[in-house]
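Trainee: Annotations for this protein, taken from Swiss-Prot, read as follows:
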type: TOPO_DOM; residues: 1-207; note: topological domain 'Cytoplasmic'
type: BINDING; residues: 36-39, 58-59, 91-98, ASN116, ALA151; note: NADP(+) binding site
type: BINDING; residues: TRP152, ASP160, GLN281, ARG302, LYS303, SER378, GLN395; note: FAD binding site
type: TOPO_DOM; residues: 229-258; note: topological domain 'Vesicular'
type: BINDING; residues: TYR229, TYR319; note: Fe(3+) binding site
type: DOMAIN; residues: 259-407; note: domain 'Ferric oxidoreductase'
type: TOPO_DOM; residues: 280-304; note: topological domain 'Cytoplasmic'
type: BINDING; residues: HIS316, HIS409; note: heme b binding site
type: TOPO_DOM; residues: 326-358; note: topological domain 'Vesicular'
type: TOPO_DOM; residues: 380-390; note: topological domain 'Cytoplasmic'
type: TOPO_DOM; residues: 412-433; note: topological domain 'Vesicular'
type: TOPO_DOM; residues: 455-488; note: topological domain 'Cytoplasmic'
Amino acid sequence: MSGEMDKPLISRRLVDSDGSLAEVPKEAPKVGILGSGDFARSLATRLVGSGFSVVVGSRNPKRTAGLFPSLAQVTFQEEAVSSPEVIFVAVFREHYSSLCSLADQLAGKILVDVSNPTEKEHLQHRQSNAEYLASLFPACTVVKAFNVISAWALQAGPRDGNRQVLICSDQPEAKRTISEMARAMGFTPLDMGSLASAREVEAIPLRLLPSWKVPTLLALGLFVCFYTYNFIRDVLQPYIRKDENKFYKMPLSVVNTTLPCVAYVLLSLVYLPGVLAAALQLRRGTKYQRFPDWLDHWLQHRKQIGLLSFFFAMLHALYSFCLPLRRSHRYDLVNLAVKQVLANKSRLWVEEEVWRMEIYLSLGVLALGMLSLLAVTSLPSIANSLNWKEFSFVQSTLGFVALILSTMHTLTYGWTRAFEENHYKFYLPPTFTLTLLLPCVIILAKGLFLLPCLSRRLTKIRRGWEKDGAVKFMLPGDHTQGEKTSHV
């Protein structure tokens, strides 16, 4: 009975990368860490929690001992590197030379470089940090790993941070050892090849949303253009022509007029490249020729453009809710009531305007709901739970429905304003007429592609048929047309 009571309540088991429990070896290898910064402390915490024996080497162990877990041994650097076979080098590149005095003790051991250069250092040095470390310690095996994992992710665990650990080294056995450690810590190792790949791996943390740069600049450019256009029509024109001060509209009213224009055009730009790609395939008669680079990049940025469209649409909805809260709106209501009294009208009701408002608000809510569905299904956790047909239906079919609803929302908002002369201020057409051009072209093109003569040809091309091919090809059930040829 006493023997049972001496057993620990929690066994030395770890959560593996797939969520299952993985056994740690009974005699876990001793791991050394050189450095006492934030990353070194987080790494030590994670290693201790995973059942490893951790020795931390510091220049001043008495000062830094209280910052590390109690189970981690904090000592001088010479003692920390004496027994472990795997040593994490958690110091900056400029401090590598201070470790040269340990070269004899480090010989034959695995050095794991976890550092990242600054943008200036990355451009200045041709060698990666890991390659530079390997040149200083030729008798050691250098592995680049854990540099894309943040200190917070190490402390919080892989469930709340990035799970992938990118690993590169010239020695397969060393990569295997570090991969096993990463799995024991609950992460997913990913082999990136030899140590020559370390420069590319070190560049990853330096990137700031690379796939969002062009879509964001596009959205900002559209916002500036539409805001300037609306400012000229709604603020500048009344000031010049009628001497009316409408500058109070700039912070909210003009912004709210601009937001739906940007959202609508961005949504159109999500589906325009698909139309261009289909037209190009029909013209070429094959799918095996590459698209132009500009079209290829455009197709790859559709997700980001769509999410920005949803963002601007949500802002438009929030701004619209704020419109009745403005002091200027309250003054307009009072002035309208005074005019009604002076005109001796007991009831003001315009049936056409009432119906128009009800319809276009309803269509706007439906369009925003569709965009919300598209945004949710673009999340990796949701997208991974859908098969390709389900994902394609939501993003392609329902997305096109959202474009149609947005077009109907815009048309009912504009109503007959496009044909009324007083709405052409400075001879500039209403803003909504400009936004309608591109979506209407896309909807018309999509409708043309649904015609049997184009639809069947496009389907054949995407199944491998070629206009000037050499292999007989016929779609299932296509008995009425002659045989075609293909290189399938």
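Note: Cβ is positioned from N, Cα and C throughout, glycine not excepted.
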Trainee: Taking DSSP as the reference, which of helix, strand or coil describes SER58 (NADP(+) binding site)?
Mentor: strand
Trainee: Can you grab the distance from ASP38 (NADP(+) binding site) over to TRP152 (FAD binding site)? Cα atoms, rounded to a whole Å.
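Mentor: Just about 9 Å between their Cα atoms.
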Trainee: Under a criterion of Cβ-Cβ distance under 8 Å and sequence separation of at least 6, what residues of the same chain contact ARG302 (FAD binding site)?
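Mentor: Non-local contacts for ARG302 (FAD binding site): VAL270, PRO273.
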Trainee: In angstrom units, rounded to an integer, how far apart are the Cα atoms of HIS316 (heme b binding site) and LYS303 (FAD binding site)?
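Mentor: That comes out at 20 Å between the alpha carbons.
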Trainee: Sort out the residues at least 6 away from either end of the topological domain 'Vesicular' (229-258), same chain, that have Cβ-Cβ distances under 8 Å to it, and list them.
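Mentor: Distant Cβ neighbours of the topological domain 'Vesicular' (229-258) are 223, 316, 319-320, 322-323, 326, 328, 425-426, 428, 430-431, 434.
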Trainee: If we skip the immediate neighbours and take only residues 6+ beyond the ends of the topological domain 'Vesicular' (412-433), which ones have a Cβ under 8 Å from one of its Cβ atoms?
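Mentor: Same-chain contacts beyond the ends: 226, 229-230, 232-234, 237, 257, 261, 356, 359-360, 363.
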Trainee: Please identify which of SER36, SER97, GLN281 has the densest Cβ environment, defined as other Cβ atoms within 10 Å, among these binding-site residues.
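Mentor: Selected residue: SER36.
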Trainee: Using Cβ atoms only, which residues of the same chain lie under 8 Å from HIS409 (heme b binding site) while being at least 6 residues apart in sequence?
Mentor: TYR360, LEU363, GLY364, ALA367
Trainee: Using all protein chains in view, find how many other C-beta atoms are within 10 Å of the C-beta of TRP152 (FAD binding site).
Mentor: 11
Trainee: If you measure GLN395 (FAD binding site) to TYR319 (Fe(3+) binding site) at Cα, how many Å is it?
Mentor: 27
Trainee: For the binding-site residues listed here (HIS95, HIS316), tell me which residue's CB has the most neighbouring CB atoms inside 10 Å.
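Mentor: Of HIS95, HIS316, the one with the most crowded Cβ is HIS316.
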